[in-house]
Amino acid sequence: MASVMTATAGNFLQDVDITWGGPRAKILDGGRHLSLSLDKDSGSGFQSKQEFLFGRFDVQMKLVPGNSAGTVTTFYLSSQGGSHDEIDFEFLGNSSGDPYTLHTNVYSQGKGNREQQFHLWFDPTKGFHTYSIDWSPESIKFLVDNIPIRVFHNWENIGVSYPKSQPMRAYSSLWNADDWATRGGLVKTDWTQAPFTASYRNFNANGCVASSGSSSCGSKFSSTLQGGAQSGLDAKSRNRLRWVQSKFMIYNYCTDHKRFPQGIPAECRRPRFL
């Protein structure tokens, strides 16, 4: 099956389709900027025009300011179907003055339950920051302003499923989730503050486009993107990862022994900082 390495143009008009929300999603400035809005009737979202099997995906976002409780802003990769793969950034809003919660998860063959959550070391509503997913056959890296906050390694050799065969699109959305997003659903969305708006710029996808289904993207990606996602973290990046996880991680499924009374998942018993 055919595959080709490609990099998007950084222009929303060329790179994405508005998928829902109608006029609540706006492409601005000739494709240089995009905004998503949420009101009581609907949220909004977009998706990449192309599907990718491995790659580096970056977007700069400025999140909903003020009282964003009940709202969720997302940037994620996903395939289709019940046994889908998915790699998630979800930004859970909060009451004015309280920090956002950055929720991450990895699904493989329809199974997730691999959540890690963080607070950020800056106010994500004051300016644009870069959020990146670096997906290779060997690992998935989540990065904020090019600082790694999480690495999920491929541990298929010990029976842990890993997303590697289903092409995925990049998606983003802004929607109401006040039944669970803020303090477990205790804090509801204040619709007097609507519309809620998140802003985007500089979406880039540098990856392998598969013409249909699985392809040669794995070998092509590893041999083409030298120093990219397939590489392990260098010493500076490992130190930054340790710093984020020691100072800003607020939930880690690997340490939730009440949730896994029969024992934590197998990947949690492997080294975290490779």
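Yeah, the Cβs are placed from backbone N, Cα and C, and that goes for glycine too.
Note that TrEMBL annotation is computational and uncurated.
Feature annotations, courtesy of TrEMBL:
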{"type": "ACT_SITE", "residues": "Glu86", "note": "active site, nucleophile"}
{"type": "ACT_SITE", "residues": "Glu90", "note": "active site, proton donor"}
{"type": "DOMAIN", "residues": "6-200", "note": "domain 'GH16'"}
{"type": "CARBOHYD", "residues": "Asn94", "note": "N-linked glycosylation site"}
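The two recorded residues, the residue listed as 'N-linked glycosylation site' and the residue listed as 'active site, nucleophile', have Cα atoms 25 Å apart. Within the same chain, residues at least six positions away from the residue listed as 'active site, proton donor' with a Cβ under 8 Å of its Cβ are Val72, Thr73, Thr74, Tyr76, Leu102, His103, Thr104, Asn105. The Cβ of Glu86 (active site, nucleophile) lies under 8 Å from the Cβ of Tyr76, Leu77, Ser78, Ser79, Asn105, Val106, Tyr107, Gly112, Pro163, Met168, each of which sits 6+ residues away along the same chain.
Confidence in the domain 'GH16' (6-200), given as mean pLDDT, stands at 94.
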